[in-house]
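**Q** The following block contains the structure, expressed as structure tokens.
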Amino acid sequence: MARTKQTARKSTGGKAPRKQIAAKAARKAAPSTGGVKKPHRYKPGTVALREIRRYQKSTELLIRKLPFQRLVREIAQDFKSDLRFQSSAIGALQESVEAYLVSLFEDTNLCAIHAKRVTIQSKDIQLARRLRGERS
């Protein structure tokens, strides 16, 4: 096969070859940050999923006892003053309130998912209560 002569062609604006040696030297010459490491951050949603699993496993009450007791006494004042409560009565109220709220939030989440959302909104709570027959 006969050799052909190579002719010079006009450049079409391609990438210029990088100067790797100059870049390495510039990195070494630049002052370092002093070894300060950034704090570790989880991806968005990872911690939320971990909390969901943790609270679904647990059985302890999630509302603090004393603030709940104050709220019960404040609401009871509207009906009759000087009411007294056994501690077991307030405990039973708190158990039932938390069970109700958990089931309401489960239904609310289903309403949000039905609307093709992952964030619950007040209209989801209203719809869940309406479907349960709690609010007309």
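Note: Cβ is positioned from N, Cα and C throughout, glycine not excepted.
The compositional bias 'Low complexity' annotation in Swiss-Prot covers 19-31. Per Swiss-Prot, N6,N6-dimethyllysine is recorded for LYS5, LYS37, LYS80 (among others), and the stated evidence type is similarity to another entry. Residues or ranges marked as N6,N6,N6-trimethyllysine in Swiss-Prot (evidence: similarity to another entry): LYS5, LYS37, LYS80 (among others). Sequence annotations record features per position, and here Swiss-Prot assigns N6-acetyllysine to LYS10, LYS28, LYS57 (among others) based on similarity to another entry. Positions annotated as N6-methyllysine by Swiss-Prot: LYS19, LYS24, LYS80 (among others). Taken from Swiss-Prot, the feature region 'Disordered' covers 1-42.
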**Q** Near LYS5 (N6,N6-dimethyllysine), how many other Cβ atoms are within 10 Å of its Cβ?
**A** 4
**Q** Neighbour count, 10 Å Cβ-Cβ cut-off, for LYS80 (N6,N6,N6-trimethyllysine): what number do you get?
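**A** For LYS80 (N6,N6,N6-trimethyllysine), the 10 Å Cβ neighbour count is 7.
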**Q** On a C-alpha basis, identify the one among LYS5, LYS37, LYS80 that is nearest to LYS57 (N6-acetyllysine); the candidates are the modified residues.
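**A** Sorting the modified residues by distance from LYS57 (N6-acetyllysine), the top entry is LYS37.
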**Q** Using a 10 Å cut-off, grab the number of neighbouring Cβ atoms around the Cβ of LYS37 (N6,N6-dimethyllysine), all chains included.
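**A** Taking every protein chain into account, the count is 6.
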**Q** What is the interatomic distance between the Cα atoms of LYS5 (N6,N6-dimethyllysine) and LYS37 (N6,N6-dimethyllysine), given in whole Å?
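**A** Cα-Cα, rounded: 58 Å.
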